[in-house]
Amino acid sequence: MTSLLQARGIEVRYGESEAVRGLSLAVGPGQIVTVLGPNGAGKTSLLKALMGALPCRGEIRFDGEPIHRLSLEERAEIGLSLVPEERALFGEMSVADNLELGGFLRRHEDARTRREAREEIYRLFPRLRERAGQLASTLSGGERQMLALGRALLARPRLLMLDEPSLGLAPRIVREILDAIAGLRDRGMSLLLVEQNARAALRIADYGYVIERGAVAMEGSAADLRDNPAVAATYLGGSAAG
Amino acid sequence: MNATIALILLQDGLTSGLIYGLLALSILLVFLVTRVLWVPAGDFLVLGALTLAVLRQGEVPGTVWILAGLAAVTAIVETWRAWRAGDWRGWPRLIALVVVPSAAAVLATLWLAPQNAPVPVAILLVLALVTPIGFLTYRLVFRPMVDQPTLTLMFVAVAVHYVLTGLGLTAFGSESFRSPPFLPGRLDVGFTRLSYQLLIVLAVSAALMAALGLFFGRTLWGKALRATAMQRFGARLVGIRTESMGALAFTIAALIGAVSGVLIGPMTALYYDSGFLVSLKGFVGTVMAGMASFPLSVLGALLVGLVETGASFYASPFKEAIVFGLLVPFLLWRSAVQIRTRGKGHE
Amino acid sequence: MSARRLFLAGLVLALALAPLVLPPQFVTALTYIGLNGLVCIGLVLLTGVAGMTSFGQAAFCGVAAYATALLTVGQGWSPLASLPVSVAATALVALALGALTVRLAGHYLVLGTLAWGMAVFFLFGNLPGLGGFNGITGLPAIAIGGVAFTDPRLVHVLVWAAVALAMAMASNLLDSRVGRAMRSLPAEIMAESLGVPTARLRVAVFCIAAILAAVAGWLQAHYVRVVNPSPFGVNASVDYLFMVVIGGTGQLGGALLGSAVFEAIRTALRDVLPHLFGRSGSYEMAAFGILVVLLLNTTGGGMMPYLSRILPKPAPVRAPGSAGPLPRRERAQPGQALLEVRGAVKRFGGLVAVNEVSFEIRTGEILGLIGPNGAGKSTLFDLLTGVQPATAGEIRLEGRRIDGASPRAIAGAGVARTFQHVLLRPEMSVLENAALGAHGRGEAGILRSALRLDRAEEARILFEAQRQLDRVGLGEFAAQAAGHLALGQQRILEIARALASDPKLLLLDEPAAGLRHHEKARLSALLRELRDEGVTILLVEHDMDFVMNLVDRLVVVDFGTKIAEGTPASVRGDPRVIEAYLGGAEA
């Protein structure tokens, strides 16, 4: 299988300390790959490095092409997208404007296609339609997450990276959002999902990596990881890692 | 004071207030998008006004050489940067952006200026000559410094103001300029007579502000600019290039400066170094609006214009001191807010 | 005598003898370099040290110059008698202006001083009695003990004596308790949490800079014997800023270097440019602008760093071998409740980040506060340290309420903290960073420090800082710049800094984040040792491994609510805790 995203030996440093240490992973087309691990394991740094928001060392290939020298915006142009943990919405703009800017890279397409794409997001998250005229800063946590996801989807990325989509959300909304994510895979999109809600992530993922202290500690199919007691131990501490 | 004088003062105050308001818009736009305190805003106004004055004398303004030189230096420096980085992607497009508009403006001016171009043509030439200077300033100076602290950016902005003032001196000399009025006299509207100058300034600035409002509120590029100003990381994530937005902000700011220069030209005699004081008055307007709101900045600037006119009537020698004194109650208020909300730190 | 002292002595001697050797126009230039340098020393303190800036320094010179002109010409005072009055008047103005703007974010200070500079310039030109734009003439020369400073060469010596005095006092000040606090001002949150009254100190630095400008203004007024508005406009203030940018704002020497280079370039441009362009105009403005843009584009640090490389280095600050003790706090008996949290609530709009959380910390224990990401730990930590006020509930330290108190007040009550993202002053030495922690245990002020009358207390502070560094195992790194330490060591330095305040309670915010395995083990051992020595510790952490083997008790929060409390063993088996950490969306 050829991978859509292939990363080898990724290293991210903050001054003297290393957040990610020689990490390698791959995401195949139409796959949901999840990256699990305790807080501070380097998951967020990894996503930001892949997106080009943090400088890193190592090799990153997208669709076989090296993308290491591309800027964040250029990576967005070739089909990578990231929904960061802090969501980075345009708080003082309406939901509709946020979505319109989500389609910034599709600005050369005709107006009808773009409107149709926005309609699709409203069908996916009907609550956003109700809030279309509201400022993004007035949304609840779940609605923000939907808006961030919708904004990212409007660029029609080939690889969507999500950082903790369930963070701070009530279980019912987590379910709603994860179902939407699973639906995207079924339409051929590839996803890289960073989650601390391990059970929820492994429920929808095809493949998973467990990382600890910036390196891969374990990897395997989602089904294998679900049943592996060592995964639980990573989260609760006091395991073999000691 | 009788009603006639009051109405005339009000007119004068509104006229200059509107022009300060335009500058306040350019200052706020540049600040929000790039964090640069746009000290040279007034220099662009002066460039616009002096260029128009010289054009209307049927001569070639020195602005031509400033623009040509700046474009040449920028093209060389950008080529050198591309060579050093070994990265030629985007270079042809960039060089085209740097060279083509500048060359067109310079050649058109060289051709049309000696023929005593009609006023509308002269105005178009002014805009075509001054606007690219904003873009070039961004490419040459500010774009490589995006990661610098705000304090450093401010020093650079002041230095750029010095450079522009110095270039203004070489281009225009140290004498003052005043363009002939577009339409002399006043319009009798019954209870008072409105100066045509006020009506022109009012119409043009209202049109410009409305256009900017539409641009920011309705167009994709306008929204992209606002998005960059409020959430830089989010803007980059949706594919908006920060540097394009910076260039756009500087270009619009220069255009606004040029338009204000065209408007103010017939109202007052300007020197090559008059820009700083005008900038400061725009700043007072934006600061009174908390450096955040476009409409409030315009209102603040209108207040500056009115107070200045009033002060020049009652206490002429102290008008500048009074205008800048306007900041005191405002700063007190901000300070009180700051103490109550126990603001976040500086780093 | 160290190489550095030898160099400084040589410099002073050369400057003193210069007027005997140099032709008059050079002496004049040197005098102006000194006058401008005096103003620039203040700007370096303001910009480089305290992270503020001012476009009003020339206006401060002007206030003093006009004050002394009015007093000497109008009232017949002697220049010497008018010096304190002129300086005091300037300081008062600076105090008012500083109190108005210094609290606000940087841009308001910039614009406030710009507006002030403009306004004052026009006032000088228009106020009745100041002689309009021609100014006041016929100022007397300075006379000290019967010696009248009418000869420019004597004035040169006087100006440079003032510069030497200012440099000595400024460098004394920087090397003191107050000076360290000043250098911590750019990191406001850190400074406040160490008990530094940042707003007041900012105003103080602003006033010091104004006073230096005032002295320069007074000297200049009696040197040229004429006062008019033109040297005190905003352009002059910008020139001063350019000087320090050219020289470099990082070191005091940058003030003099910048002033000298500026003068040299200005003279050169005036001589050369007209030849080049065949026309006498002031191209210097454009030339200076380009020079400053180039300098800022390439280094940002000015020229002083290059010069420092060849100059002899100053000796690093060292702690004395012994010194008396600093005051200590009274301590409660082990096992008693030290900090009590009762029903703490924090709402942000509709979001409840902390919901009715109650727990207590007993003297002498290590308590861990844990929970998954987004559970509200950091918000809770902010409530305890006063960074944010609680919406409801009570927090008591030894029975006294501290909820709603400022970070500085909480620090003063004996609660010391560390930061999740290490907050140190990277360019200051490890020892000086640790000494910052003891800020609240000293009292030497600005004047005492500048006059070097603080040495006994300073010795005690440095001794205590060194003692804490030794205690945590960083003693050997005392003289290094803190920025050169590895992250793990920086975290430990933060702990040493906190210990130097003699805290009743130590609050650690995710101390293990980003540490490597062996660093964590070292940190864990250190914290256990401290506990055994009687230090009470609360740590917020998400690294379960780290916490489980370290703490006496745990409090677990999720969705802002306390879901478990108890020993590590009991908490680990709690189904609600497992659920919180592994997620429950499976149902």
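Quick reminder: no glycine exception, Cβ is built from N, Cα and C everywhere.
Where the annotation comes from TrEMBL, it is an automatic prediction and has not been curated.
Values in this document were obtained by computation on a predicted structure and should not be read as measured data.
Non-local neighbours of the transmembrane segment (B:17-34) in the same chain are 41-42, 44-45, 138, 142, 146, 153, 201-202, 205, 208-209, 212, 225, 228-230, 245-246, 248-250, 252-254, 256-257, 259-260, 263-264, 278-279, 281-283, 285-286, 289, 291-292, 294, 297-306; each lies 6+ residues outside the stretch with a CB under 8 Å from one of its CB atoms. According to TrEMBL, the feature transmembrane segment maps to B:17-34 (among others).
Taken from TrEMBL, the feature transmembrane segment covers B:64-82 (among others).
As annotated by TrEMBL, transmembrane segment applies to B:94-113 (among others).
The transmembrane segment annotation in TrEMBL covers B:119-141 (among others). Long-range contacts of the transmembrane segment (B:119-141) within the same chain, counting only residues at least 6 positions beyond its ends with a Cβ under 8 Å from a Cβ of the stretch, are 34, 40, 44, 47-48, 51-52, 55-56, 61, 63-64, 66-67, 70-71, 73-74, 77-78, 94, 97-98, 101-102, 104-106, 108-109, 112-113, 156, 160, 182, 246-247, 249-255, 257-259, 261-262.
Beyond its flanks by at least six residues, the transmembrane segment (B:153-174) meets 34-40, 43-44, 46-47, 50, 54, 61-63, 65-66, 137, 141-142, 145, 271-273, 275-276, 279 of its own chain at Cβ-Cβ distances under 8 Å. If you look up TrEMBL, you'll see B:153-174 (among others) marked as transmembrane segment.
TrEMBL lists B:194-216 (among others) with the feature transmembrane segment.
Feature annotation from TrEMBL assigns transmembrane segment to B:245-264 (among others). Here the transmembrane segment (B:245-264) has long-range neighbours at 16, 19, 22-23, 25-27, 29-30, 33-34, 38, 41-52, 123, 126-127, 129-135, 137-139, 142-143, 146, 200-201, 204-205, 208, 212, 221, 224-225, 228, 235, 270, 278, meaning same-chain residues at least 6 beyond its ends whose C-beta is under 8 angstroms from one of its own.
Residues or ranges marked as transmembrane segment in TrEMBL: B:321-337 (among others). Proximity of distant same-chain residues to the transmembrane segment (B:321-337), defined by a Cβ-Cβ separation under 8 Å and at least 6 residues beyond the stretch ends, is recorded for 280-281, 284, 287-288, 290, 303-304, 307-308, 311, 315.
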Cβ-based contact of the transmembrane segment (B:94-113) with the transmembrane segment (B:194-216), 3 or more pairs under 8 Å: no
